[in-house]
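Worksheet: one structure, shown below.
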Amino acid sequence: MSKFKEYSLSKSLDSNIEMIKKIFNNNDDTLIIRSFQNQHNNSLKCCIFFIEGMVNNEIINENIILPIVETSIPSIKSNFIEYLQYQVIVSNNLQKTDSIDQLIEAVISGNTILFAENSLEAIIIDTKGWQSRAIEEPIVERVLRGPREGFTECIMVNLALIRRKLRTSDLKFEFTTLGERTNTKACICYIEGLANEKILKELHKRLESISIDGVLDVNYINELVSDSPLSPFETTGSTERPDIIAAKLLEGRIALVLDGTPVVMTVPYLFIEYFQSNEDYYLNYYFASIGRVLRIFGFIASISIPAVYLSLVAFHQEMIPTPLIMSIYAARQGVPFPTAIELIVLLITFEILREAGTRMPSYIGQALSIVGALVLGSSAVEARLVSAPIVIVVGLSGITGLMIPKIKSVSVTMRFIFLFLSSLLGLYGYIFGMSALLIHLFSIRSFGVPYMSNLTSLHLQELKDTTIRSPWWYMKDRPGSLSKNLRRTSRGQRQ
Amino acid sequence: MAIIIFYSLFYLTFIFIDLIPIYKNKQRKLFWIYLIMTLFSYTIIILIGVGVRIPSPALIIKDVITSIFQL
Amino acid sequence: MNKEIISTRQYISMIVMFIVGTTFVVGGQHKIKQDAWIAILVALIMSLPLIFIYGRLLRLFPNKNLFDIFEKVFGKVVGKITILIYTFYFFHLGSLVIRNITEFVQVVSFPETPQFFVALFLGILSIYMVKSGTEVLGRWTEFFLPFILFVLMVTILLSGTKFNFSNLQPILYNGWKPVISNAFSIFFFPLGEIVIFTFLFDSLKSKNSAFKIYLLSLVISSAIILIVYIRNILVLGIPNLSQIYFPAYYSVSLINIGEFIQRIEIIISIVFMLSGFAKISVCLLTTSIGVSKLFKLPDYKQICAPISFLMINLSIIIYSSTMEMFEWLEIYEYYALPFQIVLPLIALITARIRIWSGNLKVES
């Protein structure tokens, strides 16, 4: 769709210069216009346009202006542009075009466009060079042991990082543009032969049907492309580390890299992936299995502890051993609020503290959380506003909830819902809530693959990477629901 | 009384979730069946809430069976 | 409407959870004396010809459930009438289960909470389950069944200190007649209710023989019921057993390990609630499928909500006290007879006759 229908290239260099100036609004200081002519032949005039701050000045000076000005060019009337393209300009990436849309898009992306006198075509030269962040470890995905590279905001750098980990020609990249106004470059990566073609086709279809103003982060795409947009659970994965992407690609998943954000999206995404971490594979498998079990248990504990505590203390006191119930009731002496209210208020306070701690600059943040927890908590207990066991319950629930950052949003929502149900019907209410949660989990799909695929089968090969992490010599096959090509390692590796 | 309040909320949520889309999709037959069933059960709930004693079909069946099998 | 596929394991878990369902809540154990375990084995043997009939019927018409089979075998009008009869049976069964569970919760845990409140929760949840489809029901039961079995086994092991083996004796003191009559009542409830699953058979992925699948599920569920009944007899003893409403619940409440683990019976009531919920969902599912076949609706998921409303209504008005609920059991055998035995048998015989007389086309 041409936005510049009313403009057209002409043979006259001056009218081309006027046209570009008009498109770019005369007061734009970032657009640099440089006209020059050849030393030996005065009639060979050229003009280049580029945007300051987005180009590598050395390339422009040495590889464009210098050769054109200095080389002795025989006087050619026609195909001057082609002569420049093939024999004068020193650049590893250039093309010729006569489309104004392409020219404008090229300038905006950091390229240089070159017009010549008496020529209806122009050249686009790749001179991209801007300030970008160095490759460093992502803050939220640190590991104790393992590679420390992280993605940056530049799509070409990210793709190169992926390519370096998977040096096979089966790794395919497919480029596309998303976002009407941002025209963000996106790239779909997959390993041919491992990825499921149906999922790939489905992804293409959904991306094509997106029509949105701007795409600034993968989460924009995630919400538009998701199978179950109403579910609090995420059906696409996201990560900032190339080693995680490489591992997921090797399992048959598909990755979507977006320009301008270090976060890369993977599809499909199953529930068990919340609890898997790349560190599991870099550490000893016993330790990794313990870590995984701890994470799953932590998630369940985080959403259940307040609800179970409330139902036991308020409805089913007979289940708690007598000495314990006596100390709980002794601690509750004089507290004016019913247990449910105490729990809700303290949980909300915990969330406020946590959110405030994240937004503060780090030195205040530490102090604030210590002050908040210690002072508020213990003064509240001493003033008999809340009872001490409640503070323990809320603290436990909050800390286990922070174990897995990705599932935090689900944890917080579910905690309150279970607490509410528990306050209505005790442990029965909690079980209703759990059943409803499970019904929901079992019914959602991620790009056609059921969300809880690996968890209910009894095939040993399917379970080897879920709750525990089996050693590499045992993991012979890939997960069957993702890829048809099952064999991952060959037999008999252990010897 | 409480029963009427809770069940009214219950029925309203499901009318909102289910019936409105059915009406918008123009599924006439389904719409009428749904509406009639819901209204019928709602009147029974109101009767129960008010205190009217509705005869139980179980007793009727029990009488029928005991008379058939001469227990 | 997409075809929903469940695996054999999910189907068997559904059946086992269904049969175990309310057996321990209203299972007629207060009639049975110390020979309950013999009665169960006899009932299992008696149910073999029954599932043989079902297996035969389902094999004659592959990939069809019993609704379609009735319509094919009996013709349009009579077929629709049989579908109507069965839809009422399942509807009634669902209401009975809701009432059983809410009665149980009220008697055992929350005497002051009105029953309609618990029924409300059960209704909402079963609507959610049926709306998500048969596959989700299969996966849910596949997930929860090991948990339920684990809890049952743990409570049985924990009550080991209270076992009193002389409660089992004398064996066959009253002769065979009471055993046979108890076997009959166990046969009709819960084992015979497996008929409801013939109406869901078309969702099954593989073409295994229905007889084998039903046999395996009946054996597993009978084993579970057997173990729990024996535990009840061992712990409670005969005179107590016939006077307690919920023997399984009370035998768990007697567990007392070192003064620390005691009164944990709420766990077992959660197990009852979960399996009862599975049973309600299956009943709601088949009722919705029946209604959608009667009214020629394209999708059963859209009509399940009003059916659930009516089920809850019926559960509230159907009994006026707990005693009435237990009295119902005495006639349940006669009530269930046509649905579980007579109608499928007639269908099989009619089908055979019609095939032999060339009247009926059957894909083999």
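Cβ atoms here come from the backbone N, Cα and C positions, even for glycine.
Note that the coordinates shown come from a computational prediction; the quantities given were computed from them, not determined experimentally.
What TrEMBL records for C:12-30 (among others) is transmembrane segment.
The transmembrane segment annotation in TrEMBL covers C:36-57 (among others). Beyond the ends of the transmembrane segment (C:36-57), by six or more residues, the same chain brings 29, 66, 69, 168, 171-172, 179-180, 182-184, 186-187, 191-192, 194-195, 198, 209-212, 214-215, 218-219, 222, 225-226, 229-230, 233, 340-341, 344-345, 347-348, 351 to within a C-beta distance below 8 angstroms of the stretch.
What TrEMBL records for C:77-101 (among others) is transmembrane segment.
What TrEMBL records for C:113-131 (among others) is transmembrane segment.
The transmembrane segment annotation in TrEMBL covers C:143-160 (among others).
Residues or ranges marked as transmembrane segment in TrEMBL: C:180-201 (among others). Long-range contacts of the transmembrane segment (C:180-201) within the same chain, counting only residues at least 6 positions beyond its ends with a Cβ under 8 Å from a Cβ of the stretch, are 11, 14-15, 18-23, 27-28, 31-32, 35-36, 38-40, 42-44, 46-47, 50-51, 54, 57-58, 64-67, 86, 90, 93, 134, 210, 214, 217-218, 221-222, 225, 282-283, 285-286, 289-290, 329, 332-333, 336-337, 339-341, 344.
TrEMBL lists C:213-246 (among others) with the feature transmembrane segment.
Residues of the same chain lying 6 or more positions beyond the ends of the transmembrane segment (C:266-291) and with a Cβ under 8 Å from any Cβ of it are 14, 17-18, 20-22, 24-25, 65, 67, 83-84, 86-87, 90-91, 93-94, 97-98, 100-101, 104-105, 108-109, 122, 125-127, 129-130, 134, 137, 140-141, 144, 148, 151-152, 155, 196-197, 199-200, 248-249, 252, 297, 300-301, 303-304, 307-308, 311. Annotation comment: TrEMBL describes C:266-291 (among others) as transmembrane segment.
Through the fold, the transmembrane segment (C:303-322) approaches residues 91-92, 94-96, 98-99, 102-103, 107, 115-116, 119-120, 122-123, 126-127, 130-131, 245, 280, 283-285, 287-288, 291-292, 295, 297, 328 of its own chain, all at least 6 residues removed from its boundaries and within a Cβ separation under 8 Å. Residues or ranges marked as transmembrane segment in TrEMBL: C:303-322 (among others).
If you look up TrEMBL, you'll see C:334-351 (among others) marked as transmembrane segment.
Under 8 Å from some Cβ of the transmembrane segment (C:213-246) lie the Cβ atoms of residues 8, 11-12, 15-16, 19-20, 23-25, 27, 29-34, 36-37, 40-41, 43-44, 47-48, 51, 54-55, 104, 107-108, 149, 152, 156, 159, 162-165, 167-168, 186, 190-191, 194, 197, 204, 254, 322, 326, all in the same chain and six or more residues away from its ends. Of the recorded ranges C:12-30, C:77-101, C:113-131, C:143-160, the transmembrane segment (C:334-351) has the largest number of C-beta contacts under 8 angstroms with C:77-101. Within the chain carrying the transmembrane segment (C:113-131), a Cβ under 8 angstroms from the stretch's Cβ atoms is held by residues 98-99, 101-103, 105-106, 137, 140, 276-277, 280-281, 284-285, 288, 300-301, 304-305, 308-309, 311-312, 315-316, all 6 or more beyond its ends.
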